[in-house]
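Participant: Per TrEMBL, the features are:
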- A:T185: FMN phosphoryl threonine (MOD_RES)
- A:45-64: transmembrane segment (TRANSMEM)
- A:76-93: transmembrane segment (TRANSMEM)
- A:99-121: transmembrane segment (TRANSMEM)
- A:210-228: transmembrane segment (TRANSMEM)
- A:234-254: transmembrane segment (TRANSMEM)
- A:261-279: transmembrane segment (TRANSMEM)
- A:291-308: transmembrane segment (TRANSMEM)
Amino acid sequence: MKASVEIRSAPHIKGPRSVEQIMANVVYSLAPVCAFFVYQYGISAAASILVVTAACLLAERAFVRSGTQAGSLSDFSATITGLLLALTLPPGFPLWMGAVAGVAAIALGKALFGGIGFNVFNPALVGRAFVQAAFPAAIATYTPSFLPGRFTQFIPSSLAWPLMAPADAAAWLKAMQFDALASATPLAKWKFEGALTAIDDLLTALSGHIASGPSPLLILTCGAYLALRRFMDWRIPVAVLGSAGLAAWLIHLADAKYPDAFFVLSSGGLVLGAVYMATDMATSPVTPRGMWLYGGLIGVLTVVIRYYSGLPEGVMYAILIGNAATPLIERVTQPTPFGKGVSIQARKSASYTLHPDYISREEAGAKTPKKRFLKNKGKS
Amino acid sequence: MSDLAQARTFDEFLEGIWRQNPVFVMVLGMCPTLAVTVSAVNALSMGLATAFVLVCSCGLVSLIRNIVPKEVRIATYIVIIATFVTVVDYVIQAVSLAVYEALGAFIQLIVVNCIILGRAEAHASKHPPITAMVNALGMSIGFVIGLLALGAVREVLGAGTLFGLPLFGANFQPWVVMVLPPGGFIVLGAWLLLFSALKRRKEARLAAPGGGHGA
């Protein structure tokens, strides 16, 4: 076999990690969250998770096979996109709209940029932004959790025919003697009715009949597993939650009509977004200072959108804006190489040695995304 | 001789429809393309209005191509185009006020549509009137096809109708995004993707050994 010399740029020190391993672990850590979501909302949630993930996988397979995108199905990245997307959608979201969201996530969020590792925005959030713009009424229709008979009966809006409007969930709930307020999310309730939900209800999401997603505590636990095993950088969620909490606390001090920081932190999709979506490796900065800046930007933007815009929830747009700012953030937070700028500048910009969590996509055994690298594959 | 000339004229005609399609190949005139294609009717009227202006001004530009001094040619073209745009503006207002209001300022903006000035400068000022008008007609048809392709998709998904006729019955769920500006970009991108995929496949087939025949 012909010996080949490989010339590539830094980093040269690599961890024994592969894309597949990281992605598979994220899927494992999402399993309890999905299970809890199904426990809350029954078979509608299960069907939603299955359909959205299947749509993502089918779209991924179509794009990979047609050669328009790099990667493969076995790297689990499309599975993660599907699971996260399903978790951000209301449980009674019509299944055909969920399929549209899944295809849009992979097509507009991923294949357009060239596949895994090349995407600018988090694909799951691109899919959600698409359906939010396409079906604003359906995506705002929540149903309360822990309804009786949720394991035997679909939420009627789930089973809408393709291209057809979903059945009215409000009438269905009325027949079960729930008032309209029970099916508003805690954030919408606060924004439009001025009613606060108790913090412990929000944190565990275990009390009956509130329209919230999986428990923030459970998500944090699953995220802690990823952070401890270093599959995810702890700085980003800490920065997102910290800055959101700080911003909410300051605004609460200035004007008591805004809720306190704990309500902001434990409601809506903030914890899910901070732990699983803002930390997407391809779309977040790699420099440690950049991570703080990026997380801070997302946290503050979330609070600003929630408080001062027409939308009750702002995590999705905040993360998408953070994704867009990532190249700029990386540029301004470039670490100074060791030994450079020792004199006056040394105090101003901290210098980092190679970050231990630095994960390269080109390590041994990983599938190289670009075709032109394939000829190096056979080296000993 | 005559056969050759005929074939060349026909080629001029086909150029705008397919090989040099203004929307899908040259990607010109994007402002009306994205803005007014929320429905097939709007797209068709916009396309026809542009077609009238394009054919008439190319003919006139070609007629006077040897009289106009080089230094003032652009100003002359703009005056000619503006004249025909004014005609179209009044005609649409007289025929259908609803369409006129739906298209809004984009009728007047035909005057700065880069397809028209581009064809006048690049083609009509260098060719005799008949050739110039045939080429302009082909370009117009290509533009109408482009606008209709966008308008039809956006209307079917955004409102469940085509040319105002309901396709899916009363219970249709409209895709709001399709009648908003992002929908225009997404649909245009999808069409461009389709055409570039077709082109690439054709090139691959021609490049393959013994390609172009059979298979």
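Using the three backbone atoms N, Cα and C, a Cβ is placed for every residue, glycine included.
In the displayed structure, how are the listed features positioned relative to their neighbours?
Facilitator: Residue environment of A:T185 (FMN phosphoryl threonine) contains 21 other Cβ atoms, counted within 10 Å of its Cβ in all protein chains. According to DSSP, A:T185 (FMN phosphoryl threonine) sits in a coil region rather than a helix or strand.
Beyond its flanks by at least six residues, the transmembrane segment (A:45-64) meets 34, 37-38, 70-73, 77-79, 81-83, 85-87, 89, 91, 93, 95, 98-103, 105-107, 110-111, 115, 127, 154, 158 of its own chain at Cβ-Cβ distances under 8 Å.
Distant neighbours of the transmembrane segment (A:99-121): 19, 51-56, 58-60, 63-64, 68-71, 75, 77-78, 81-82, 85, 89, 127-128, 130-131, 134, 282-283, 320, 323-324, 326, 361, 369; these residues of the same chain sit at least 6 beyond its ends, with a Cβ under 8 Å from one of its Cβ atoms.
Non-local neighbours of the transmembrane segment (A:210-228) in the same chain are 25-26, 29-30, 32-34, 36-37, 40, 87-88, 90, 142-145, 182-186, 197, 201-204, 234, 237, 265-272, 275-276; each lies 6+ residues outside the stretch with a CB under 8 Å from one of its CB atoms.
For the transmembrane segment (A:234-254), the residues of the chain that approach it from at least six positions outside its boundaries are 223, 227, 260-261, 263-265, 270-271, 273-275, 278-279, 284, 288, 291-300, 302-304, 307, judged by C-beta separation under 8 angstroms.
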Participant: With a Cβ cut-off under 8 Å, give me the same-chain residues at least six positions beyond the ends of the transmembrane segment (A:76-93) that come close to it.
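Facilitator: Residues packing against the transmembrane segment (A:76-93) from afar: 19-20, 23-24, 26-27, 30, 33-34, 37, 40-42, 44-45, 48-49, 51-57, 59-60, 101-102, 105-106, 109-110, 116, 123-125, 127-128, 131, 138-143, 155-158, 166, 169, 211, 213-214, 269, 272, 276-277, 316.
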